[in-house]
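Below you'll find the structure, written out as structure tokens, and then a few comments.
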Amino acid sequence: MSAVPPDWLTKGLPHIWLPYTQMLTSPPPLPVVATQGSRIKLADGRELVDGVASWWTACHGYNHPHIAGAVTRQLRDMPHVMFGGLAHAPALTLARRLVELLPKPLDRVFFCDSGSVAVEVAMKMAVQFWLNQGAGGRTKFLSFKGGYHGDTFATMAVCDPEEGMHSLFSNVLTKQVIADLPVDEASEWAFDAALDAHAGALAAILVEPLAQGAGGMIFHDPAVLRKLRRAADRHGILLIFDEVFTGFGRTGTMFACEAAGVVPDIIALSKALTGGTMGLAATVATSTVFEAFSSTDPMRALMHGPTFMANPLACAAANASLDLFASEPRLRQVAAIAAALARDLEPCRDFAGVRDVRVQGAIGVVELDQINDMNELKRRFVESGVWVRPFRNIVYLTPAFTIAEAELKRLTDAVVAVLGAWSKAW
Ligand SMILES: *Cc1c(COP(=O)(O)O)cnc(C)c1O
């Protein structure tokens, strides 16, 4: 705490614009100089045990040598080349391997750079799927309260309208149909009614399967996804799974859709795709969706193409990440983390002001009534030597799957200690 902040921080801070941060009242960000495994090293020499895995991306821990090696080799051969008219092994190999991992008939991969754009592409695919078949009236989406699908304009419109971080823009956003997830009889009835009312205008139903992430870390039963699949089939509309958060083991299976035995028509993947190394995302569609774009008419081609799509460095990192899923027992590690989180966060349930403690895979959540002094809570976690980033009324842990048992215990101990003090004092 004592050390002078580094020069680059004091000189650069007046020129940087931070995400979702009121910079006038927030403490400055912590200067970080290195990462390793589940550790974040700060400029003053302190090390924090990482409970966030950098927004859920670094599933193998930081600086995994297998990924670093693959990226270094790729950097030597070809850091980037355009994907229009040219193809390269990292991208085509990755596409084939993703399809091998995903349930059939998901089998056509489109690459882009971020989760928001992967969802945008999924939405565009759905709308154009119908346009290409002469059903231009199907332009709307049904999505769910508690959902989060990104920060761009199309994705903001399908986030939770109030809880989402975008209520400010409600007048600018396209109006979509936002329903409660059909988790009980009343919400099922309302969902069916919303669907009946709008079915003719809908291109697709869009959902984060099993776990809604940035919208509040809310979990639902796999049966809900079967219900959505049946409803989509009944009305002949597409089903899109946004697995940007849940994809690659986070909820306990490689993809959340596997837990329900449900296959969506389109799936969006990103966060853990490169093991947290670089930005990359994929939108994968079934052969049926792809067929609607197959034509002699150039205007029926998918009208999208980001400049840096399928960046070879990012694809090399993703291929190396998939190697690790194949060679190391990641899903067993997730199951062990789930058991430890459930056991070691449980004491929080007895604290005043704690509303719920819940675990799904390697996601542990303590939901509070409210957090009055967010900056103070964050400060106390750092003081305890851990990197935990509460949001709204949620304190959560989403560690790397490779986290050591003792490091995970330090995280859960810190959450119990800090929230124990919080429930008494503030
Ligand atoms: C993070 C996230 C996104 C947006 O991804 P970005 O890479 O931040 O654009 C979309 N959907 C879900 C479910 C996410 O968790």
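Placement of Cβ uses the backbone N, Cα and C atoms for every residue, glycine included.
In TrEMBL, the pyridoxal 5'-phosphate site is described by Gly115, Ser116, Pro306, Thr307, and among Asp50, Asp180, Asp242, Asp373 the residue recorded at this site is Asp242. With Lys271 (substrate binding site) as the anchor, the candidate binding-site residues are Gly115, Ser116, Asp242, Pro306, Thr307, and the one with the nearest CA is Gly115. Ligand 1 lies under 6 Å from the Cβ of none of the binding-site residues Gly305, Pro306, Thr307, Arg389.
Residue pair Arg389 (substrate binding site) / Gly115 (pyridoxal 5'-phosphate binding site) shows a Cα separation of 20 Å.
A helical conformation is recorded for Ser116 (pyridoxal 5'-phosphate binding site) in the three-state DSSP classification.
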